[in-house]
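Okay, so here's the structure we're looking at.
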Number of protein chains: 2
Amino acid sequence: MPTDDHGRTKIYRDGPGDLRVPMTRVTLEPSPSTNEPNPPIDLYDTSGPGSEPDRGLPALRSQWIHGRNDVQAYSGRGRDLADDGRSAVRRGASSLEWKGERREPVRSTDGRPVTQMHYARRGIVTPEMQFVAAREGCDVELVRAEVASGRAIIPVNVNHPETEPMIIGRAFLVKVNANIGNSAVTSSVADEVEKMTWATTWGADTVMDLSTGDDIHTTREWIVRNSPVPIGTVPIYQALEKVNGAADELTWEIYRDTVIEQCEQGVDYMTVHAGVLLRYVPLTAERVTGIVSRGGSILAGWCLAHHEENFLYTHFDELCEIFAQYDVAFSLGDGLRPGCLADANDEAQLAELQTLAELTERAWAHDVQVMVEGPGHVPLNLVEENIRLEQDWCHGAPFYTLGPLVTDIAPGYDHITSAIGAATIAMHGTAMLCYVTPKEHLGLPNRDDVKTGVITYKLAAHSADVAKGHPGARAWDDTLSKARFEFRWEDQFNLSLDPDTARAFHDESLPADAAKTAHFCSMCGPKFCSMRISADVRDRFAKDGMKKMSETFVEMGSSVYLDAQDAAAGAKDAGS
Amino acid sequence: MPTDDHGRTKIYRDGPGDLRVPMTRVTLEPSPSTNEPNPPIDLYDTSGPGSEPDRGLPALRSQWIHGRNDVQAYSGRGRDLADDGRSAVRRGASSLEWKGERREPVRSTDGRPVTQMHYARRGIVTPEMQFVAAREGCDVELVRAEVASGRAIIPVNVNHPETEPMIIGRAFLVKVNANIGNSAVTSSVADEVEKMTWATTWGADTVMDLSTGDDIHTTREWIVRNSPVPIGTVPIYQALEKVNGAADELTWEIYRDTVIEQCEQGVDYMTVHAGVLLRYVPLTAERVTGIVSRGGSILAGWCLAHHEENFLYTHFDELCEIFAQYDVAFSLGDGLRPGCLADANDEAQLAELQTLAELTERAWAHDVQVMVEGPGHVPLNLVEENIRLEQDWCHGAPFYTLGPLVTDIAPGYDHITSAIGAATIAMHGTAMLCYVTPKEHLGLPNRDDVKTGVITYKLAAHSADVAKGHPGARAWDDTLSKARFEFRWEDQFNLSLDPDTARAFHDESLPADAAKTAHFCSMCGPKFCSMRISADVRDRFAKDGMKKMSETFVEMGSSVYLDAQDAAAGAKDAGS
């Protein structure tokens, strides 16, 4: 068991059968004054088993997938260099060709669904469900029941056996997605793989590859083969590349081919903007920022150009049939989400949400897992309405929101403007939060931005877990606070979401090692430390004496006396 | 009128008489496609008139103060080198002795109150109230009525004539306080003055000087003389210095002398922990983090050592009489605030709040202005209860909260954990937010941390203004979003809370000047830009056509058709 430099060890929690569920164990020092031991705390771990990036991760789920005897390998649609875009065709090769193992894709043997929802509805408990239950520390029946009802999803494409199963649903820990991906302007395959690993190191529960630049197929191959978490995509981006960016030339056939390409690679969930209906487009005409979703605007452009209904809507059932054969989950895209406060909760947004509700039911009829995407930019007082309507209309399908940002005036700080909305909407039931980085609206996130975005969203998600009273969530806070009160600085750092930053900030003022065991810090200096004074106060009054005072107070009716004389007298009695 | 490099100009809004109220005007470019002009937007400005730090600011309010004929100059308590602590006595001098003008202190001529509350209750509209009304863009009668009722305060010590009056109350814009101050471990006078100026440059509405190290008196002198915003302090810190840190040796006389020293210097509001009653101390014994307020722990220690009631409580009326003569406002300290989630909204905290309610009424009986301090660390689901109880028990006195932090697990990111709580509690009525910097719990904030803290809290405060529907608040968001949609990059930067960071982040990916007028950005590249596609969609359908489609939709009942055929048919009709 490797120990890193933060008092952290990766341990494995045993599940049924040979399940081994990874956790991060933080070992703690004893309390300094009493020398009482402090038990270690085990935290949810998303970092995966680790590997050389050019080899990929071990196929953890291979036996589980094949053990069900409902999938078979097949030759697949075949590789086309055009999948990597025009420059790859021109060069005759894609960048950083994948050199690791190439498995043949698998899919349903007989066309019947191979989805976790399908199994759950038939009362089958899969190893994936058991893994999730052990990971969440809950009963596996809760997992099965929530997946069966559609209130939770386990995104696990049969072609992504490397993934460690996780669950997205309001009855479970709130999850965080990190977006990565190149664009025509910046970044490379290696950068994106590194960002993915970096994001999961810091706690990203899923990663979306939103690449729109060169080498889309190859970038995705590297990412999926190295990802211990589910990978999401927006297939319309690649489809548009295949028609050289001319939205008018998109067809269902090109889109369908792209989806199958990605199903075979192992993408676990796909954003599909099937709710952008032709008749909703005019509802955006008077908006301050129109349509801000890339997918939404592409499909709106297509609908208007052809005067036809969105082909994703008209072919939705075919899409369901494909997804069911690989267990790809829908992330029903909110193509008409508001791009600013002024457009929040407007007719266009809510009309689309009603269509997403209809599509949810249609997907469920195919046993296909679904989550529903949400905004965006919403004033804080209107945030709750979004989750309330989504849960109501979409029958409890997991909500997956981007923030929302609660003000538009702080570019450069939109990880914060959106964390405010994210914590709030998650407290009210949103199951997964899509992170926003400091670069939102301004540029592509670099490595530091990815970390800042993930940590910011982990704290927002955890705040919501605590606010929801999720079992065990607050234990983490209490453990860290006890360490803080007892001046166990090393424990305080090690228990932090970001131990490196906590330690670095402390050391800026007090770098000496001795300061790590000092009963004060640089904010107040040794004499004024309230923690020390407070501990002294507690020590001075032996616990029994304090308890007695407290009991006396309770006997007096616990009331707060507004008369100073009575109060002082009562307190004197209690203290004497 | 100086123009800085962000399209910003300081302008002055004229008020009654010779009032000139500073605003920041942001000049905007015309819309690129239509060439329609975009009117400038005027933003609240806290940066002050500017001056050489060693000269101090002009005494803006001198004539207003003396024009009321109710104060007189007097010799004052006299300077004592011990006010700057033992090292100053040892050296025979304080650091950076104040070289600017030294005015004799003034106070009430006849002992009657000279407070804004006193005037407001007698129906007198002061220039301070007029200044505030012009600054907030509201009717001056609202200002007077809110101050008279105690629901708002205008902290303006008669010995701080340099201040530009501002108001703290739930009917007005949510305000932000920035804490600065040296400690025994770090920083210098010059550093603290620079931090104060830096904080007000970025929007701090008040600044608290929480110094506990050397040269407390002199540091404060420099800060007050240079501050265009109200200055707050916690006098118990300096009083404790005067007894060499031995809390047991504190006396009412030493504290009283310190308060008068600070009244004469011009401190506008003081945190007074008069609610930490002897009988409440035992209620903290079983807490995870005991008493975390420095003032609270000092007074708790004193109460227990002497077995007597808190001398700030027993002498509270004398304190009111002093404050009334200088117009110093109470910030009733929450010495028993929770220091972690586990201790939130507990008996100790709420018992103290009931005492703060009693003290509020006692201060009001002296026409002394009051705000009430609040936590701290509170789970998100319990945040609202804090403001609800405070408003209810304290008869609407302005609430002034530190965050609250909604989780304890993210040291290094507590500006964010607390901004979530801050935005939420401000939406429900908190009048002023005390900022938290990334260094909270870890060290003293440096210049960058101060800026990050202020910007983070400005965005939280503004989010709350928008959520409350404060008149005009959302115009700022809408103006920026329109600029974003129209690719007016310079306008987008200039309208940002932090133009430097917004511009720098953009330029990391696309540094060329040409990119500032480009109709795309580095996130998506030129081809995929949803903003561009959306604008194209809008352009393609002339506005009337779009409106017609929209009207047709409304005529059809605005309902969302669940039948795809009907839907497509309806849309075709509408679009044709």
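Keep in mind that glycine also has a Cβ here, set from the backbone N, Cα and C atoms.
Just so you know, TrEMBL annotations are computer predictions that nobody has curated.
Per TrEMBL, the feature compositional bias 'Basic and acidic residues' maps to A:1-17, A:77-87, A:98-110. Summarising the annotation, TrEMBL assigns region 'Disordered' to A:1-58, A:76-112. Taken from TrEMBL, the feature domain 'ThiC-associated' covers A:9-71. Taken from TrEMBL, the feature substrate binding site applies to A:ASN179, A:MET208, A:TYR237, A:HIS273, A:SER293, A:ARG294, A:GLY295, A:ASP334, A:GLY335, A:LEU336, A:ARG337, A:GLU373, A:TYR400. Among the features that TrEMBL reports, Zn(2+) binding site is placed at A:HIS377, A:HIS441. If you look up TrEMBL, you'll see A:CYS521, A:CYS524, A:CYS529 marked as [4Fe-4S] cluster binding site.
Here the features listed in TrEMBL are painted onto the structure.
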| residue | record | DSSP class |
| --- | --- | --- |
| A:ASN179 | substrate binding site | strand |
| A:TYR237 | substrate binding site | helix |
| A:SER293 | substrate binding site | coil |
| A:GLY335 | substrate binding site | coil |
| A:HIS377 | Zn(2+) binding site | strand |
| A:TYR400 | substrate binding site | strand |
| A:HIS441 | Zn(2+) binding site | coil |
Query - A:GLY295, A:GLY335 as binding-site residues, winner by CB count within 10 A - result: A:GLY335
Query - binding-site residues near chain B, Cβ-Cβ under 8 Å, from A:TYR237, A:SER293, A:TYR400, A:HIS441 - result: A:TYR237, A:SER293, A:HIS441
Requested in this report: Might you list, by sequence position, any residue in that chain lying six or more from A:ARG337 (substrate binding site) with a Cβ less than 8 Å away from its Cβ?
Outcome: A:VAL292, A:SER293, A:GLY296, A:GLN349, A:GLU373, A:GLY374, A:PRO375, A:GLY376, A:LEU402
Query - Structural state census, the domain 'ThiC-associated' (A:9-71) (DSSP three-state) - result: 6 helix, 18 strand, 39 coil
Report summary line: With neighbours defined as other CB atoms within 10 A, the best-packed of the binding-site residues A:ASN179, A:SER293 is A:SER293
Query raised in the report: Taking the Cβ of A:TYR237 (substrate binding site) as centre, how many other Cβ atoms lie within 10 Å?
Result: 23
**Report entry** Secondary structure content of the region 'Disordered' (A:76-112), with strand meaning DSSP E or B
**Finding:** 10 helix, 3 strand, 24 coil
Report summary line: For A:GLY295 (substrate binding site) and A:HIS441 (Zn(2+) binding site), the CA-to-CA distance in whole Å is 16
Query - Rounded Cα separation (Å) that holds between A:HIS441 (Zn(2+) binding site) and A:ASN179 (substrate binding site) - result: 14
Query - Rounded to the nearest Å - Cα separation of A:TYR237 (substrate binding site) and A:HIS377 (Zn(2+) binding site) - result: 23
Query - Chain-internal residues near A:TYR400 (substrate binding site), provided their CB is under 8 angstroms and they sit 6+ positions away - result: A:ILE168, A:ASN177, A:SER331, A:MET371, A:VAL372, A:GLU373, A:GLY374, A:THR430, A:ALA431, A:MET432, A:LEU433, A:CYS434
Query raised in the report: From the Cα of A:GLY335 (substrate binding site) across to the Cα of A:HIS377 (Zn(2+) binding site), what is the distance in angstrom?
Result: 13
Report summary line: Cβ atoms other than its own within 10 Å of the Cβ of A:HIS377 (Zn(2+) binding site), all chains, total 28
